[in-house]
């Protein structure tokens with residue numbers, strides 16, 4: 001696509017030569033395997049929307065003291081992670097456009113160095129975003145199942161340690177991934193991390209939904225007619241579907257791409273799937289746009305503060 005190759009291994013598996021990849025692509029399905037041509041303007045537009053959204057979330061949490069709690073600190077960290085996704089995307093696209101239009105002429109060694117820096121930023125944002133999605137799920141679980149003990153379990157000190165640990169782990173893992181990007185072991189670790197987060201969110205949210213459903217059933221059994229149970233269960237099921245559906249749709253293709261890189265890098269059909277890597281990146285950026293709508297803007301207190309931030313009512 002350009003001189004820069006973000007997440008080099010993920011875009012072009014190292015054990016697939018250019019000739020084999022080309023032949024496999026033609027043999028697997030012709031035009032379908034040509035990939036999807038996504039304009040740079042779309043990357044830039046989504047990156048800017050995500051950046052503005054998540055900046056507003058961070059500003060609102062910092063402004064309102066009522067939002068200075070572990071729950072909103074985790075949401076704020078998720079917003080920062082999504083901002084890193086946007087910033088890395090904007091930096092990459094801007095750098096690519098400057099190079100392609102000869103506005104910026106630099107040595108190849110500097111280009112490779114910038115490539116590694118951007119890759120580290122992308123990997124760090126991916127790992128931290130996934131981590132804070134899991135942390136928010138666990139925090140909600142504690143809020144519901146241990147409501148009376150929440151403030152003794154999730155103290156501010158523990159919240160700070162959790163956030164610092166996530167950022168440290170994200171930085172270290174991104175450095176290792178970029179340094180040893182040709183190692184299947186590293187990719188397997190990343191895949192295992194995604195599967196762990198997926199299972200964690202499934203178990204936590206389904207358990208919370210089951211508890212809410214049981215609670216509504218207990219209430220509706222005491223009412224005549226028992227209509228609250230059906231409506232409440234439907235609303236809970238919709239919320240659960242949105243949470244897990246957005247997570248799986250936005251992150252699933254990217255990590256399925258990793259699985260295919262490890263298991264069948266030279267298979268013609270896998271090669272076809274690799275050609276849609278830019279689409280998988282778009283979905284991740286879309287996730288950073290959707291996250292504030294799911295986790296932040298549903299809060300009435302945060303929306304009120306957001307209006308004050310937008311109207312500059314400091």
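Every residue gets a Cβ built from N, Cα and C, even glycine.
Nobody curates TrEMBL annotations by hand; they come from automatic prediction.
Long-range contacts of the transmembrane segment (42-62) within its own chain (CB-CB distance under 8 A, at least 6 residues past either end) are made by residues 68, 72-73, 75-76, 79-80, 82-83, 85-87, 89-90, 93-94, 281-282, 285-286, 288-289, 291-292, 296-297, 302, 305-306, 309-310. The annotation transmembrane segment is assigned in TrEMBL to 42-62 (among others).
Under the heading domain 'G-protein coupled receptors family 1 profile', TrEMBL lists 53-295.
Sequence-distant contacts of the transmembrane segment (74-97) (same chain, six or more residues past either end, CB-CB distance under 8 Å): 1-4, 6, 40, 43-44, 46-48, 50-51, 54-55, 57-58, 61-62, 103-104, 114, 118, 121-122, 124-126, 128-129, 131-133, 135-136, 139, 159, 162-163, 166-167, 170, 281, 284-285, 287-288, 291-292, 295-296. The annotation transmembrane segment is assigned in TrEMBL to 74-97 (among others).
The transmembrane segment annotation in TrEMBL covers 117-138 (among others).
According to TrEMBL, the feature transmembrane segment maps to 159-179 (among others). Remote same-chain partners of the transmembrane segment (159-179), defined as residues 6 or more beyond its termini with a Cβ less than 8 Å from a stretch Cβ, comprise 70, 73-74, 77, 81, 116, 119-125, 127-128, 131-132, 135, 186, 190.
Annotation source TrEMBL lists transmembrane segment at 185-212 (among others).
Per TrEMBL, the feature transmembrane segment maps to 233-256 (among others).
The feature transmembrane segment is assigned by TrEMBL to 276-297 (among others).
In this model, the domain 'G-protein coupled receptors family 1 profile' (53-295) carries an average pLDDT of 83.
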